[in-house]
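Scroll down for the structure; my scribbles are underneath it.
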Amino acid sequence: MGYAMSRFETDVSVIFSSSSDSETSHDSLINKPVKNLDHEIAQLTRLRSAPHENLSRDLLVKRVLPLSTMKMLAGREANVSGRGRFSSADCCHVVSRHLPVNDPCVVDQMTSRVYLSQFSTDGSLFIAGFQGCHIRIYNVDKGWKVQNDIIAKCVRWTITDASLSPDQKFLAYASLTPIAHIVKFGSAATESHANVTDIHDGLDFSSNDDGGYSFGVFSIKFSTDGREIVAGTSDESICVYDLEADRLSLRISAHESDVNSVCFADESGHLIYSGSDDNLCKVWDRRCFNAKGKPAGILMGHLEGITFIDSRGDGRYFISNGKDQTIKLWDIRKMSSNAGGTIQSRNSEWDYRWMEYPQEARDLKHPSDLSGATYKGHSVLCTLIRCYFSPDYSTGQKYIYTGSHDANVYIYDLVTGDQVSTLQYHKATVRDCSWHPNYPMLVSSSFDGEIVKWEYRGNDEAPVQGNNQRLQR
């Protein structure tokens, strides 16, 4: 379950992702031949998360056997790799098998839905946005103490998105209005009321051409240098706000429907990815915008609207979650200059907000699908559910994980496409989830109002199974 047909047919080398009996074990992943995935990303993932080839060659009795941590430690002592130490890939090989799928613990609970939740870049802070106008910032290193409780300004329906600045001093948040806000949260006061204890500066994403039309901001992200914010709006636009100049520096009509997700492709800030309810993902190169603001390329393959986009951070690969109940992996080198192909018709009256996805549509394929891989098993209904690459530092980005309408969190193997674990605890839709950048810890947030922390069960306890049973609270 989980992996569908890809347009690539190159086989790649075996990736060692299993463990000894005393460690996490996923039998379905043990040296399974990899097919139908672009050789390059499979190889890049292997280089980031597989042990050194000398360790694999000298310490494995057979290639089908797992390479345990104990064997790797013995190999390090014997300097089998010739380096005298573990490489980052060796470390990832060990840590990435310790999936954060055990011992769910409720970090916080409120009476309103949780719409977003994310760790900071260094993992020391965690932010959660609630429908009831609260944005809470937790200090992870101090026992998840609430460091700031921000009451958002001018919220319409809910807080749609929020983003921490790279220096972790400012928080930008958005709602279904043209004006987002930015607030400095490093003050001594725990509770930050709008324009009372802290100033919530408005970031106006409207233009003089709007004619007073009101729209909402669905997605908002800081650039890596913290100088700009990119936003996707319900009036089909992508906007870039220059924080130093305090003005809107770019606004283009990007899609033919709501722009549900935007992000910078890498640290340079030159490339922007966008996903929309017009079923398309687009790539925008700010260095070569022409007068008409055309994208650098278009990636088609989804049969329904895109709910979220996450970049691998290399300016080449990204994933998207779609209302067609799939996650797709993209290589922007495969993008097209136009949206070609005809999508097979379905019931146009279907609405993902309150209807199940039509069974007859589940096997439909886009005739011009440019994606590198498709992952299935989770449910994308009711809200803009998010998906992500697992952290580079601890896993080598070898997994993809996502929330789901069925109240679970799903983890897929990037290369094999296998569904390696399903986290079951919540009672309602899991809209967002976040994997700690350094440790085997994952936090899920749900419409049941709960923020739940998952960790790896150490101490040589029972190995993690592919699917956890629902735990009694």
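Positions of Cβ are set from backbone N, Cα and C atoms, glycine also.
Database features, via Swiss-Prot:
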REPEAT    212-242  repeat 'WD 1'
REPEAT    254-285  repeat 'WD 2'
REPEAT    301-331  repeat 'WD 3'
REPEAT    377-413  repeat 'WD 4'
REPEAT    425-455  repeat 'WD 5'
How about long-range neighbours of the repeat 'WD 5' (425-455): same chain, 6 or more residues beyond its ends, C-beta under 8 Å?
95, 98-119, 121-123, 126, 128, 130, 140, 144, 381-386, 388, 390-391, 393-395, 401-405, 407-409, 470-471, 473
Give the nonlocal contacts of the repeat 'WD 3' (301-331) in its own chain as ranges (CB under 8 Å, at least six residues past its ends).
4, 38, 40-41, 257-258, 260-268, 271, 273-281, 343, 346, 352, 357, 361-362, 364, 366, 368-376, 378-381, 383-389, 392, 397, 400, 402, 412, 414
So which residues does the repeat 'WD 2' (254-285) touch in its own chain, when a touch means Cβ under 8 Å and the partner is 6 or more beyond its ends?
218-219, 221, 223-225, 228, 230-234, 236-238, 240, 293, 295-300, 302-311, 313-316, 318, 320, 322, 330, 332, 335, 339, 343, 384
I need to check the long-range neighbours of the repeat 'WD 1' (212-242): which residues 6 or more away from its ends have a CB within less than 8 Å of a CB in the stretch?
156, 160-167, 170, 172-178, 180, 182, 203, 205-206, 248-264, 266-267, 269, 272, 274-276, 284, 286, 384
Tally the residues of the repeat 'WD 3' (301-331) by DSSP class, grouping H, G and I as helix, E and B as strand, and everything else as coil.
0 helix, 18 strand, 13 coil
